[in-house]
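J.: One structure follows; several queries about it will come next.
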Amino acid sequence: MFDPTERGTAIDIEVNDRLRKTLALILAGGRGSRLMDLTDWHAKPAIPFAGKFRIVDFTLSNCINSGIRRIGVLTQYKAHSLLQHIQRGWGFLRGEFNEFIELLPAQQRTQGENWYKGTADAVFQNLDIIHAHRPEHVLVLAGDHVYKMHYGKMLAHHLAAGADVTVACIEVPLETAKGFGVMAVDEDDRVIRFDEKPDHPQPMPGHPDQALASMGIYIFNAQLLFDLLQKDSINPETSHDFGKDIIPSLVKSHRVIAHHFQDSCVMHEGAREHYWRDVGTIDAYWEANIDLTTVTPALNLYDESWPIWTDQPQSPPAKFVFDSEHRRGMAVDSLVAGGCIVSGAVVRRSMLFSNVRVNSFCVVEDAVILPNVDIGRHARLKRCIVDQGVVVPPGLVVGEDPVLDAKRFHRTEKGITLVTAEKLKLLGA
């Protein structure tokens with residue numbers, strides 16, 4: 001396994017120089033259909049997370065904190081809110097120092113007038129722009145995962161190993177590995193096999209219940225990437241995808257190195273795990289948000305050495321009003337964002353995003369309430385997610401009757417109910 005400290009200061013100087021010559025490309029065009037109605041009008045990377053952020057903020061912050069200041073964000077599906085967020089919150093880079101975040105929506109730039117047909121095709125359709133920046137290395141990233149990672153350490157490994165391509169990887173339970181690219185490596189972490197979403201994932205040697213999975217993070221030597229994408233673009237038998245086509249085709253002919261996430265994961269003192277989450281299902285999204293309300297969550301949002309940057313709306317402080325025995329505004333074991341008012345209501349183990357109004361006599365427990373929600377009096381909301389801008393009618397009860405919840409809303413197998421404006425309209429609310 002790579003030791004990022006073994007070459008000392010020399011590698012730091014070299015890597016810092018190479019980071020300045022690296023171009024990061026964030027793939028942020030996916031819908032994330034498993035999030036159901038949450039992505040009806042927003043791409044998955046634009047979905048709110050952790051009270052005040054968007055999912056894409058974590059990948060962008062990793063770039064900035066790692067010293068990568070040349071970034072392209074590739075968008076496609078319903079990108080308006082994502083583009084707006086980046087324009088408002090990420091305009092602090094200095095163009096005079098060749099720092100930038102370029103927004104690269106699908107524009108049918110190539111012959112055939114096709115939209116992005118796959119992850120590799122998305123990059124190929126922007127090759128002219130990428131060429132113009134003359135990068136030495138291209139870092140390809142997914143914009144829809146939540147994690148903290150120092151990409152400089154991954155680049156150091158790439159350079160030290162003399163790699164053509166480096167693939168970030170993480171150990172996952174074998175039963176969930178079907179949803180990932182699964183790889184096998186030799187004693188030097190050279191990838192000797194790569195299968196994208198296999199029906200029968202190969203377990204790790206000595207760990208029959210674990211598989212080594214791709215994180216969808218790649219470092220390419222730039223010229224090699226250009227050549228590969230040109231060849232892929234004229235291949236009629238390819239799906240134009242990095243995981244399905246590009247990486248498997250390189251394993252035998254090129255030096256493809258696996259970089260273990262634990263070697264570059266940014267962890268806080270006392271952390272119990274290397275935190276990486278695909279919040280691509282309703283259950284996973286709810287669990288990741290609710291975990292942040294615990295005393296010692298797996299993800300530390302308060303680490304000033306690795307800040308998560310975002311758009312900062314001009315909201316007043318959160319407000320809690322009324323203090324009588326039966327009408328007390330309070331929140332316990334919860335995160336409450338700016339602009340919220342908890343008026344004579346009780347909030348427990350919940351996440352309130354910005355500008356949420358919880359009116360008198362309400363009970364909100366184990367709930368994720370997205371921005372600009374108004375919860376009417378006497379409502380009881382438990383184990384649920386309430387979508388952005390929803391007006392919850394007075395007296396609505398969610399989370400107490402599984403059968404009724406399943407009839408009215410989308411309810412997961414784990415018992416999480418998704419409350420949306422569209423479903424409430426069907427109820428006549």
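Indices start at 1 and increase along the chain as displayed.
Any Cβ shown, glycine's included, is placed from N, Cα and C.
So Swiss-Prot lists these for the protein:
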BINDING   Tyr116, Gly181, Glu196, Lys197, Ser214  alpha-D-glucose 1-phosphate binding site
J.: Are there any residues in the same chain, six or more apart in sequence, whose C-beta is under 8 angstroms from the C-beta of Glu196 (alpha-D-glucose 1-phosphate binding site), and if so which?
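T.: Same-chain residues close to Glu196 (alpha-D-glucose 1-phosphate binding site) (Cβ under 8 Å, separated by 6 or more) are Gly181, Val182, Asp241, Gly243, Lys244, Ile247, Pro248.
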J.: Within 10 Å of the Cβ of Lys197 (alpha-D-glucose 1-phosphate binding site), how many other Cβ atoms are there?
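T.: So the number of other Cβ atoms within 10 Å of Lys197 (alpha-D-glucose 1-phosphate binding site) is 13.
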J.: Could you state, as a whole number of Å, the largest distance between Cα atoms of any two of Tyr116, Gly181, Glu196, Lys197, Ser214, the listed alpha-D-glucose 1-phosphate binders?
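T.: Value for the max Cα separation, rounded to a whole number: 22 Å.
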J.: Secondary structure at Lys197 (alpha-D-glucose 1-phosphate binding site) (DSSP, helix/strand/coil)?
T.: coil
J.: Let me know the DSSP-derived helix, strand or coil state of Gly181 (alpha-D-glucose 1-phosphate binding site), please.
T.: strand
J.: Give me the non-local Cβ neighbours of Tyr116 (alpha-D-glucose 1-phosphate binding site): same chain, 6+ apart in sequence, Cβ-Cβ under 8 Å, ordered along the sequence.
T.: Gly29, Leu74, Gln76, Ala106, Ala122, Gln125
J.: If I restrict to non-local contacts, at least six residues apart, and a C-beta distance under 8 angstroms, what lies near Ser214 (alpha-D-glucose 1-phosphate binding site) in its own chain?
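T.: For Ser214 (alpha-D-glucose 1-phosphate binding site), the qualifying residues are Val167, Ala168, Cys169, Phe180, Gly181, Val182, Met183, Phe194, Gly243, Ile247.
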J.: Let me know how many other Cβ atoms fall within 10 Å of the Cβ of Gly181 (alpha-D-glucose 1-phosphate binding site).
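T.: Its Cβ has 24 other Cβ atoms within 10 Å.
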